[in-house]
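In Swiss-Prot this protein carries:
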- Asn67: N-linked glycosylation site (CARBOHYD)
- Asn151: N-linked glycosylation site (CARBOHYD)
- Asn172: N-linked glycosylation site (CARBOHYD)
- 1-17: signal peptide (SIGNAL)
Amino acid sequence: MRRLCIILLVYVYATFATKGICKQDEDVRYMGIDVVVKVTKKTSGSDTVCQALRTTFEAAHKGDGANDSLSTEYVDDYSEEEEYEYDESFLEGFVIGSTYYTIVGGGLSVTFGFTGCPTVKSVSEYAKGRIVFIRLSSDAPWRDTNPMSINRTEALALLEKCETSIDIKCSNETVSETTYGLASLAPHITQATERGNIIGSTLVDTDCVENLDVTVHLGEMCRKTSDLSKRDSLKVKNGELLDDDTFSIHTPKLKACN
């Protein structure tokens, strides 16, 4: 009974928090992104996930001169390299340049690139046998400690600019996993009725990858219906790109890599 009460209290708190932050001015938009990848490898391999996670930020801006200026900072930890460059776009708070996340685990090294997209806060992975799942997503605004809101005009620009890239390579990494429990729930993003162009460059190492499924959902996180949403998908089977429209990928319980 005590456990049931705790669960109910958590649910009630989450409900009120959701309604509280989402019930704001009509032109306040909370945009998020959710990327799910399922890789079927050619052979079974390591089931160790989250062996390494590296994040690189790149966002050029116009300086005083004719050329773009660049500011770079390297952290002390050799396993993590961060590059900071600053952009003067009106979409303050979002990374307008490119952000790259490299996840090593399950016998793969996968780099995701996000250009002009909402910030990814959660990275998680699952591996068993030949199957590897990876998910990258924004935090729901009621769970985010510093949720970023924009207006409709800015949201439309975000939908136009956001592009993702994927580079999947084989990996023989032997480092033990670093996980932080089960991954948190992905944000609920308003379902888009039509497919858009979000997925850009995709590189796949066919020496170890047999099949690949990718879905990307981009849009509002506070509204049941909205025209401010896009989705895209990609499917590779036996090394061939297929024109299938996959709406969603069901994932098992993933482990948090950050």
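Every residue gets a Cβ built from N, Cα and C, even glycine.
Keep in mind that what you see is a predicted model, and the values were worked out from it rather than measured.
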Glycosylation sites compared (Asn151, Asn172) - highest count of Cβ atoms within 10 Å: Asn151
Asn172 (N-linked glycosylation site) to Asn151 (N-linked glycosylation site) - Cα separation in whole Å: 45
